[in-house]
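Annotated features in Swiss-Prot:
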type    : residues                                                                                              : note
REGION  : 1-20                                                                                                  : region 'Disordered'
MOD_RES : Ser2                                                                                                  : N-acetylserine
MOD_RES : Ser2                                                                                                  : phosphoserine
MOD_RES : Ser15                                                                                                 : phosphoserine
BINDING : Arg71, Ser72, Gly73, Lys74, Ser75, Ser76, Thr90, Glu94, Thr96, His178, Lys179, Asp181, Ser219, Ile220 : GDP binding site
BINDING : Lys74, Thr90, Thr96, Asp181                                                                           : GTP binding site
MOD_RES : Thr96                                                                                                 : phosphothreonine
Amino acid sequence: MSLQYGAEETPLAGSYGAADSFPKDFGYGVEEEEEEAAAAGGGVGAGAGGGCGPGGADSSKPRILLMGLRRSGKSSIQKVVFHKMSPNETLFLESTNKIYKDDISNSSFVNFQIWDFPGQMDFFDPTFDYEMIFRGTGALIYVIDAQDDYMEALTRLHITVSKAYKVNPDMNFEVFIHKVDGLSDDHKIETQRDIHQRANDDLADAGLEKLHLSFYLTSIYDHSIFEAFSKVVQKLIPQLPTLENLLNIFISNSGIEKAFLFDVVSKIYIATDSSPVDMQSYELCCDMIDVVIDVSCIYGLKEDGSGSAYDKESMAIIKLNNTTVLYLKEVTKFLALVCILREESFERKGLIDYNFHCFRKAIHEVFEVGVTSHRSCGHQTSASSLKALTHNGTPRNAI
């Protein structure tokens, strides 16, 4: 394996931060006062990212709720995905005894809040205003410990999603069947089938057939938790169809097999092309991001320690022994495009770089228009930038 890392060509003018962070200025409904949340759930702990005061940037961020029984792994998921905690270190985390609010915005393209709920939360407690919390929530993630008896968890799942659906039917409901690293493949499939069947039967009995649950097998000891969170976050991105379309156009004109648009900090992929996601390919791309950041921390910082491990000049090429090439390029301050292609296709690097320049410009236009209009933009937004894409070296305007 060979690694090439260094500065790329002159960056696109204004690229560093031009597209900035996704829903920073999008309207997701006004969030209630933080004091209300504290009164509703016995206090809200300040997250590592720090919370903004009422009326600040918090009011435009989608909210993701992490719920589940005690010791199901909720806090571990949050720490591993968004705070780079080693999975082994999560063994020393204390149980959550109050609502813990984590603001994911200062160092990530993915701009939202995660509320980690204690396992003993009682919805029938008159002092708990669950309606206030469920209003304005983008997604509810319910974590079930697959290695434990999950009958009580299924009962709590049904109560939780039923109440949430009545308050906010537009919310996405996600179920993480967690800690599956200790189960055999057959046991994983059987556990997922059983939980899926029982949960949906309970909803059908309650007349909630329209309530859709999405199920994921997850573990903090592999990349499954990152992939699951990627799919959860993608549902909250109004520009997702546009991003997928841009990626499809880019790879079809550049001879690329697979491309991911990554949030560098969390390793969540914001979008990918329409071809199926192979877990091994995703893991390769995640590992490449780790390598690039680690190498950059060693050689990319200034003598006084200033600078950034990832900036507008970041670019890396890794050539594997099986003639596969991994190619990483900076898109925005927090986004990177990671491509998988064959060595013979990479011989046309000039073509790929030109098409990437057009792709990056289109991405910036998508989010600039989105911030201005407070709504997801259509495909017309980026049409002008993609007209210049070349196919087999021939400019579009020359065809």
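Cβ atoms here come from the backbone N, Cα and C positions, even for glycine.
Features as recorded by Swiss-Prot, highlighted on the structure.
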{"residue": "Arg71", "record": "GDP binding site", "Cβ neighbours (10 Å)": "15"}
{"residue": "Gly73", "record": "GDP binding site", "Cβ neighbours (10 Å)": "25"}
{"residue": "Lys74", "record": "GTP binding site", "Cβ neighbours (10 Å)": "28"}
{"residue": "Ser75", "record": "GDP binding site", "Cβ neighbours (10 Å)": "21"}
{"residue": "Thr90", "record": "GDP binding site", "Cβ neighbours (10 Å)": "17"}
{"residue": "Thr96", "record": "GDP binding site", "Cβ neighbours (10 Å)": "20"}
{"residue": "Lys179", "record": "GDP binding site", "Cβ neighbours (10 Å)": "22"}
{"residue": "Asp181", "record": "GTP binding site", "Cβ neighbours (10 Å)": "16"}
{"residue": "Ser219", "record": "GDP binding site", "Cβ neighbours (10 Å)": "23"}
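With Asp181 (GTP binding site) as the anchor, the candidate binding-site residues are Arg71, Thr90, Thr96, Ser219, and the one with the nearest CA is Ser219. In this structure, the CA atom of Thr90 (GDP binding site) is 11 Å away from the CA atom of Lys74 (GTP binding site). In this entry, Lys74, Thr90, Thr96, Asp181 make up the residues listed for GTP, with the farthest two CA atoms of the set 23 Å from each other.
Only Thr96, of the binding-site residues Thr96, Lys179, Ser219, have a C-alpha within 10 angstroms of the C-alpha of Lys74 (GTP binding site). According to DSSP, Thr90 (GDP binding site) is assigned to a helical segment.
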